[in-house]
Amino acid sequence: MSPSGLQGVNWQTASNRQAHHTDRFYSQDLIVRRGQPFHMSVTLSRGLSSGGSVTFTVSTGPYPSESAKTKAVFPLSNGTSSSGWGAQLVSNRNNVLNISILSPANAPIGRYTLNMQISSQGSDSMLKLGTFILLFNPWLQADGVFMSNHAEREEYVQEDAGIIFVGSTNRIGMIGWNYGQFEEGILNICLSVLDNSLNFRRDPATDVAHRNDPKYIGRVLSAMINANDDNGVISGNWSGSYTGGRDPRNWNGSVEILKEWQRSGFRPVRYGQCWVFAGTLNTVLRCLGIPSRVITNFNSAHDTDRNLSVDVYYDPLGRPVEKGSDSVWNFHVWNEAWFVRSDLGPSYNGWQVLDATPQERSQGVFQCGPASVIAIREGNVDWDFDMPFIFAEVNADRITWIYESNGALKKNSSDTHSVGKYISTKAVGSNSRVDVTEKYKYPEGSSQERQVFEKALRKLKPRVSFSATSASSLARDEQEPSISGRFKVAGVLAVGKEVNLVLILKNLTSDTKTVTVNMTAWTIVYNGTLVHEVWKDSVTKSLNPEEEIEHPVKITYAQYEKYLKADNMIRTTAVCQVTDEPEVVVERDVILDNPTLTLEVLDEARVQKPVNVQMLFSNPLDEPVKDCVLMVEGSGLLLGSLKIDVPALRPKERSRVRFEILPTRSGTKQLLANFSCNKFPAIKAMLSVDVAE
């Protein structure tokens, strides 16, 4: 008797996807999560004979092997298998086999092929059933990415839009970001990211076998989201000049970036800065089923020499000097992913830092993490992975040096508390800011905080007596300054308007003091890259005992207009010199507001019904603006993105642009817009749209 032939396979996609929380993916594939059974039915051309046996084979990757657990062969049984892959016969009627297939909770994730072999009366037939995609399972306690809290799971796995905090400590702003992990084609692109990694290219069999481990996948992704070393997804650029690509501030989300990377044959997309890397990594992590969130650290240190201090330099005229590679970024954005750390022990499970921004090499490649947030707080800088760098980002001391007029370099002051402020992430279920600074470090100035810092220094520099290197000891031999200074903002800070600041100087002594003040202002990129000097001034002031005086600073639009970048940041510095005393350095970064871009929905939003949206923008300048483009995107509200050319605007003219969106999902969705023109490189707007069924 000839063996049974295959008449049809029903993957029961709709019910499986609902049971496996993968029903939000726009995809025809069967997408399931590991450690949880899925159901299918197979129709044969004739029934199974009583003595026949059925075995299944699953395999993933180009070199599947049972020893590497990238292939499994298992029988169709009536019971459940203890561990590993298993298939259970649920029913067998009229040549239709209803089967339940179970994967291990630690199986490698990725695309699998499923085959079925039927042996009866000495003849075998091999039936190819098809393919499915296996993902991490945060709903399952046995999975290393398990997250028990329902609201957190909804946010960190299922939410496809979010908020990223940007700006500076005295001006925290936010931008919307479209993660879009369920959009059409994105899951396949995320799997391509893994298949383009250096590890896969060097040794595909081993790489695929390691894809059972969220630690491994997180580290590979942190390398692959940046283009350095491996033709990864995004090419970074902090120069202030973005010709040949898109200004990093123009992106509204990850979907366009990932699609462009795939369309170009996996050529790096130009250009990104830290929040672009983090937003894109967040998409890939959530897409694969690893809970993740985006974190912003204000005054983030970039310590290149592992001494837990960053050095900043000024010349005698008050100009910041770009010397050495240490820097303090106004803000830096990275990710946290949620999984167990079997390598460190259960007390270090939970949030792990991953950073895809290419800053320093780790094991020869631009990658960073995973680093346990709890271990960072405890100062365990000798643990895996990249702990010293991340510890320094939130803890480094900031040391100021000044070049004397004779060229000699002199240490001016050290500051132990300005780095690592207002560490922020979006709240679960709302757009509020949650401050997570206390998860990264003990309270500033507490005894535990200094103890952890000194423990970290001892681990990094066992041969150095740490009392000689920590900033607290350096502070002891610093002369107390006789004056203090600070910049205060006077009036509004807006692009197109004059910037008005006041330098407030105070004599702290009971003697008269004469102060020479050298001031400069530069436009900068948010990471401190100096773009251009736009203003300078020098004054000499006499201060009576304990007197406080104000010196006005005015920077006109004409002075800064040509040199202001999309960051809208200007750094003002004043080096204040009293004869025979150390200089007092006063610095303030100001962020100028863009004019408002308004979005409004003109109809009630319903699924599959076109909705009109209106954009309003007024040109605030006394000159025309041209080359105006509006870019719109939002998962669940429109497929892909809209690009609308907007006519030029005369001085003070108001523009109104209408466009149509087509919601595909109900619930609250986020619509994002970016308006750019020759005078305003990136004006952002976002709008929450409630879509009815």
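Backbone N, Cα and C atoms are what each Cβ position is placed from, and that goes for glycine too.
The annotation domain 'Transglutaminase-like' is assigned in TrEMBL to 266-358. In the domain 'Transglutaminase-like' (266-358), helix, strand and coil residues by DSSP number 18 helix, 41 strand, 34 coil.
The Cβ neighbour count for CYS274 (active site), using a 10 Å radius over every protein chain in view, is 27. Summarising the annotation, TrEMBL assigns active site to CYS274 (among others).
Among the features that TrEMBL reports, active site is placed at HIS332 (among others). Of all the Cβ atoms in the protein chains shown, 25 others lie within 10 Å of the Cβ of HIS332 (active site).
Positions annotated as active site by TrEMBL: ASP355 (among others). ASP355 (active site) has a Cβ environment of 31 other Cβ atoms inside 10 Å.
Non-local contacts of ASN395 (Ca(2+) binding site) by the CB criterion (under 8 A, 6+ apart in sequence, same chain) comprise ALA301, LEU308, VAL419, GLY420, LYS441, PHE453, ALA456. Among the features that TrEMBL reports, Ca(2+) binding site is placed at ASN395, ASP397, GLU444, GLU449.
Between the CA atoms of CYS274 (active site) and GLU444 (Ca(2+) binding site) there is a gap of 26 Å, rounded to the nearest whole number. Here the C-alpha separation of GLU449 (Ca(2+) binding site) and ASP355 (active site) works out to 24 Å.
For GLU444 (Ca(2+) binding site), applying a Cβ distance below 8 Å and a minimum sequence separation of six or more within one chain yields HIS417. When the binding-site residues ASP397, GLU449 are compared by the number of other CB atoms within 10 angstroms of each CB, GLU449 has the fewest. Along the domain 'Transglutaminase-like' (266-358), the predicted structure has mean pLDDT 95. Distance noted between the C-alpha atoms of ASP355 (active site) and HIS332 (active site) is 10 Å. Put simply, ASP397 (Ca(2+) binding site) is 17 Å from HIS332 (active site) when counted between their Cα atoms.
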